[in-house]
Amino acid sequence: MAPRALWSCYLCCLLTIATEAASYPPRGYSLYTGGTGALSPGGPQAQNSPRPASRHRNWCAYVVTRTVSCVLEDGVETIVKPDYQPCGWGQPHCSRSIMYRSFLRPRYRVAYKTVTDMEWRCCQGYGGDDCGEGPASVLGPAPSTPLPRPRPVRPNLSGSSAGSHLSGLGGEGPVESEKVQQLERQVKSLTKELQGLRGVLQGMNGRLAEDVQRAVDTVFNGRQQPADAAARPGVHETLSEIQQQLQLLDNRVSTHDQELGHLNNHHNGGPGGGGRASGPVPVPSGPSEELLRQLERQLQESCSVCLTGLDGFRQQQQEDRERLRTLEKLMSSMEERQQQLVGPAMARRPPQECCPPELGRRVSELERRLDVVTGSLTVLSGRRGSELGGAAGQGGHPPGYTSLASRLSRLEDRFNSTLGPSEEQEKNWPGGPGRLGHWLPAAPGRLEKLEGLLANVSRELGGRMDLLEEQVAGAVRTCGQICSGAPGEQDSRVNEILSALERRVLDSEGRLQLVGSGLHEAEAAGEAQQAVLEGLQGLLSRLRERMDAQEETAAEILLRLNLTAAQLSQLEGLLQARGDEGCGACGGVQEELGRLRDGVERCSCPLLPPRGPGAGPGVGGPSRGPLDGFSVFGGSSGSALQALQGELSEVILTFSSLNDSLHELQTTVEGQGADLADLGATKDSIISEINRLQQEATEHVTESEERFRGLEEGQAQAGQCPSLEGRLGRLEGVCERLDTVAGGLQGLREGLSRHVAGLWAAVRESNSTSLTQAALLEKLLGGQAGLGRRLGALNNSLLLLEDRLQQLSLKDFTGPSGKAGPPGPPGLQGPSGPAGPPGPPGKDGQQGAIGPPGPQGEQGAEGAPAAPVPRVAFSAALSLPRSEPGTVPFDRVLLNDGGYYDPETGVFTAPLAGRYLLSAVLTGHRHEKVEAVLSRSNLGVARIDSGGYEPEGLENKPVAESQPSPGALGVFSLILPLQVGDTVCIDLVMGQLAHSEEPLTIFSGALLYEDTELEQV
């Protein structure tokens, strides 16, 4: 689509120059012919020169209107900011006061306005993808010998005319057919590679399944399973996923093949192919070229899908390697278990210094008792040998002698194995010998119980041994009576069998040691391989990250491809619709073209740009320089051409950057090929190493099977006396009971370990508590030391003040006395005055004594009882979310004296007439406005708005958008006169109230005092 847009802009420039040239004098030159001769006045019918072959006259400029948005100033608004006042001089720790200052800032709003713009569209009568469909078919036949002229070349994405770097599709039909053939060859090669990868993958999956099944059978069953055995479930799932991915790749390749076939059909016998072949100059087909480019992009996408499938295959291969590593670990663990079963673990005593004396004494006592049991077994063996010898002297050794010896040896091995786990636990106990001294003194009772249990076991074992001795003696006597033969031959035969068994046992021990060394070597090699595999895993993780980034880029390219395909389908539909229309307007367009041709013939102004160094500018102003990769003509509309040149340059830069991005993506994909080769080599080395390890493990298992088979044959040769099977079975049952006892001892040891762990946890807790208390004590001691220093300083200050006060008290603050003045002379006695008026009456005399009390009066009537003080008060909180408008039900009642508040409705009903104190605290969500009204008998009394006061007349100064509320808290507090039956509630108008277990939104009220006058009113 981008090259087509560039061609359209180029045609617009030429059409604009041709339209403006029609108003100049008639003498001139044609801009659209290849020759330089003057045009004849006879019109197109009388002209013998070749007809213009350009398609650039079918674009016209239209003036359109558009609505754009802009931001306008909408007055000012007032904001309040806090201003912290600084402390005065010499007052560093004063309480800072806050002053609030108001500021003015501009307010803006969004407005819309209509502007005009120029837009290039197809002229009337023209249509199609590049406005090439119109009345051109009725203008006359094309000349047979056109004059040579420079052929326009389609520019590439970078702005040059050398062709496209991405696809190379820039010209004629033969070049396009070659490109199609090249793309078909690429598709065929990709199909072959896909089939080869599929075959390799199937072979590897088959070999991997066989190897895994063989390894599992060898470890668990000790034999090879048949070839038709079932594989593991995980392998089937992996194979199904790989087959699905391969099927997806196959479907995409088939889709690309279908598109190539469709494209070939379009080029060979598509619509419009024959008509274009008869023209003088074949014009490149825009839709076919776009289809070829789209096909190339889809091929690149399919390549990326192939790479993604290869990455999935590598990931699956890594998972198979991890499974093989797990199987190797399982094999090593099974071999270790076999080694433990074949040879009992050797007891290893700890050093004498690791245990306390009490534990050593008890352990020695246990060892002594076990030695007694061992001695009893030895005596039993000796007695059995003597009795067998006597029987041989009478009638020879019985035939079941070797079987009895083997059964007794296995019995002794099982008895030793019951002691092995306890010794191994003692050896591997994580507490260590050094911690035994901490918990043994705290558990003497448990050790005594353990000793008692061991004594009972020893007694029971002794009884069973005596019974076993009697049974063996009877069996020996019976066998001696039944069996007969030469004593010398039987002795030699028994000695040979015993010596052969001893040699086999020694050989088995040596071979088991060799097996153990081989297992250690295999384990070391496995660790080395594990390190190598971990490194490969890190490399694969980095590759996976890079492929994820490439997948994101591919997804973006696919989105753009889909958009381009949608636009292409729309344009094809439009082209089909325009192709079906008739040419009814061809006559008018032909007349208009005739007038335009006459005007061009009468034009005498030079429109071409100056070619020589001395040529000056034309009438239309200075000529414009050529665009990047295009040739343009100068004209009178210089500003319009300059604007078009700028827009085309921006488009070319955009496509250049897209081309660079595609080159970088191609480089990255090429680098992935080298990484794939490295991974393939690493995979081959890992597979060879795994095969070598598997071969060694198979050989080792085969040798072990042969050795065990030899041991089983020896045991089968040794056991031929069926009379002792039942008794030895009962003896084995006793050994199983001893195994149960050993399990109980192990449980006791585990319980002691848990108690020790609990004791250590308590010790650690006590240590932490002690450290905390020590820190507190140190802090207290430091505070006491500082307190002593402060008290000393205070005492010194008091002593100093006392000294100063004493000094001040000793000072005399009275001033010096003045001189006494002389006494004055006595005055003369004056004459007596006239008598005055009579004075007021004198005071009353004193009251007389109280008379005797009178008789007792009668008792008055009983007064009215005191009125009870009513108790009316309530307080409730909100614990449920509330965002709908209406009465708020404060459901959590904190206080409700009298029960006059209903928590379900949130309404308080006044029981008495009087003065009531009502208060409420409404807390909303942050930056959300809350509005509420306090209603008395469904009449609003008070209103709160957490956003603050908002004046009327907002329609004169509208606000562009609502500003967030700075606060979300409202408070009611007022005293109301209420009559009996009046209701009080809070109605939510706007916002959402906060709810919590801790009260945030509260409604309270209380009766202050009654008012009877209010009740009468």
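Just so you know, the numbers here start at 1 and follow the chain as drawn.
Backbone N, Cα and C define each Cβ position, glycine as well.
According to Swiss-Prot:
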type	residues	note
COILED	171-211	coiled coil
COILED	237-266	coiled coil
COILED	310-374	coiled coil
COILED	519-573	coiled coil
COILED	676-697	coiled coil
COILED	789-809	coiled coil
COMPBIAS	154-167	compositional bias 'Low complexity'
COMPBIAS	387-398	compositional bias 'Gly residues'
COMPBIAS	811-820	compositional bias 'Low complexity'
COMPBIAS	822-841	compositional bias 'Pro residues'
COMPBIAS	843-866	compositional bias 'Low complexity'
DISULFID	C60-C123	disulfide bond
DISULFID	C87-C94	disulfide bond
DISULFID	C122-C131	disulfide bond
DOMAIN	56-133	domain 'EMI'
DOMAIN	815-865	domain 'Collagen-like'
DOMAIN	867-1014	domain 'C1q'
REGION	134-180	region 'Disordered'
REGION	259-289	region 'Disordered'
REGION	383-403	region 'Disordered'
REGION	811-866	region 'Disordered'
SIGNAL	1-21	signal peptide
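Taking the Cα atom of each, C131 (disulfide bond) and C94 (disulfide bond) are about 84 angstrom apart.
Annotation: C60 are the disulfide-bonded residues among C60, C87, C94 whose CA atoms are within 10 angstroms of the CA of C122 (disulfide bond). Following the DSSP three-state reduction, the secondary structure of C60 (disulfide bond) is strand. Each of the disulfide-bonded residues C87, C94, C122 was scored by the number of other CB atoms within 10 Å of its CB, and the largest score is that of C122. Confidence across the coiled coil (171-211), taken as the mean pLDDT and rounded to a whole number, stands at 73. Separating the Cα atoms of C87 (disulfide bond) and C60 (disulfide bond) is a whole-number distance of 77 Å. Helix, strand and coil residue tallies for the domain 'C1q' (867-1014), in that order: 3 helix, 71 strand, 74 coil [DSSP]. By the Cβ criterion (under 8 Å, sequence separation of 6 or more), the coiled coil (676-697) is in contact with the coiled coil (519-573), since 3+ such pairs are found. The DSSP breakdown of the compositional bias 'Pro residues' (822-841), given as helix, strand and coil counts, is 0 helix, 0 strand, 20 coil. When Cβ neighbours within 10 Å are tallied across all protein chains shown, the highest count among the disulfide-bonded residues C60, C123, C131 belongs to C131. Cβ atoms under 8 Å from those of the coiled coil (789-809) belong to no residue of the same chain, restricted to positions at least 6 beyond its ends. Rounded to a whole number, the C-alpha distance linking C60 (disulfide bond) with C94 (disulfide bond) is 80 angstrom. Here the CA atom of C94 (disulfide bond) lies 83 Å from the CA atom of C123 (disulfide bond). Counting residue by residue with DSSP, the compositional bias 'Low complexity' (843-866) contains 0 helix, 0 strand, 24 coil. C87 (disulfide bond) carries neither a helix nor a strand DSSP state and counts as coil.
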